[in-house]
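To start, the structure itself, in structure tokens.
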Amino acid sequence: MARSLNEWLWQHEFWLPPGITWEDMQESEDVHYPQPRDLLLSIPFALILVVIRCAFERAIALPLSSKLGVRDKQRPKAQPNPMLETFYSTCCKNPGEDELLSLAKQCDLPVRKVERWFRRRRNTDRPSLSKKFCEACWRFTFYCISFFTGLAVLYDKPWLWDHRECWTGYPQQPLQPSLFWYYLLELSFYWSLVFTLPFDVKRKDFKEQIVHHAATIFLISFSYCANYIRIGTLVMVIHDASDCFLEPTKIFNYMKWKKTCDSLFMIFTAVFLISRLVIFPYTVLYNTYYYSMEIFQPFFGYYFMNALLIILQLLHVFWSCLIIHMVYKFILQGTMEKDMRSDTEESDKDEEREKIREKEKNGIAYFSNVTSNSYIQRNGSEPLNNRTHLTNGHVKER
């Protein structure tokens, strides 16, 4: 069964244009084509990247964060409560009003204390500022290395300047060693992001990030197997260009360097919108959809490749809307608002309000106590205290 499935999966009709078979893609001593088995190397390389990342964050990024003044906010801890902890771990992290009332009765606590416990417990699970800083430093380092590696690999390639060259001789385009290692570097990195998803900072677009990583891995893998190497390298360089500005924007935001952060954010916005909404559609989508048909007729790989690219473009539109909204807020307020994708920390505002209310109540009680005593004195209903009669601000004995 596995053999028949393998034969069905690797039918040349799926992967190669009409009129080309796997026999036409035979390798020789001087000519090498992409082989699907090469992609298996990305798994151990991804694990190596995870190890390098852990060492980088501990040895470089974390000490750097303390030197640059990145301080974690002191969070009040939730008091140990086995019943609430069990509910938090197994049922719900953000219970509704009915659940809060039920838990308050079971624990014999006021509802506000139960609500405060869950708020503090959720804040405990949120990533610290130093963790965000370390993650941003790692991604910034990788994106810079990847982007400049891509430029070094592609600067002398004809398809970087003439996009029709992406299809010259397709699919019989020999694989160059520099392109192979560039592909392996990018694919390994995205596999490493998948491996560390449970431990990375979770943002509001967590599901979109999963879709993005999956589409990127499928896109890189399929483009390699179908020898869409040339168009794939363009996709990777275009994506890394804007990411090189996103991560330092986060870094300076964590450092509280607002002016630098705002300036980098505006640069990132310009690069992102131009690269993802202008360059990507023309250089990649139009190229893959239109120029490729000058060389061959559409086949399964053609449709599948374009479908993956369209998924990426839809994600570009989604993130562009978030960025444009942030720019709009920036223009109105004069400073960049917090990342809309970030899960902001909940403050104990209700607790602070309770303290204010208690102070107000105590003040009102004290004021009413004083005024009632004065009223009693004026009416002669109750004798005055021997040491509370004031004359010109001094206490006098009666």
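Including glycine, each Cβ sits where the backbone N, Cα and C put it.
TrEMBL has this to say about the protein:
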DNA_BIND  86-129  DNA-binding region
COMPBIAS  341-362  compositional bias 'Basic and acidic residues'
COMPBIAS  368-391  compositional bias 'Polar residues'
DOMAIN    84-128  domain 'Homeobox'
DOMAIN    131-332  domain 'TLC'
REGION    341-398  region 'Disordered'
TRANSMEM  136-155  transmembrane segment
TRANSMEM  180-199  transmembrane segment
TRANSMEM  264-283  transmembrane segment
TRANSMEM  303-328  transmembrane segment
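Of the candidate ranges 136-155, 264-283, 303-328, 136-155 has the most C-beta pairs within less than 8 angstroms of the transmembrane segment (180-199). Sorting the domain 'Homeobox' (84-128) by DSSP state (H, G, I as helix; E, B as strand; all else coil) yields 33 helix, 0 strand, 12 coil. Averaged over the domain 'TLC' (131-332), the predicted model reaches a pLDDT of 89.
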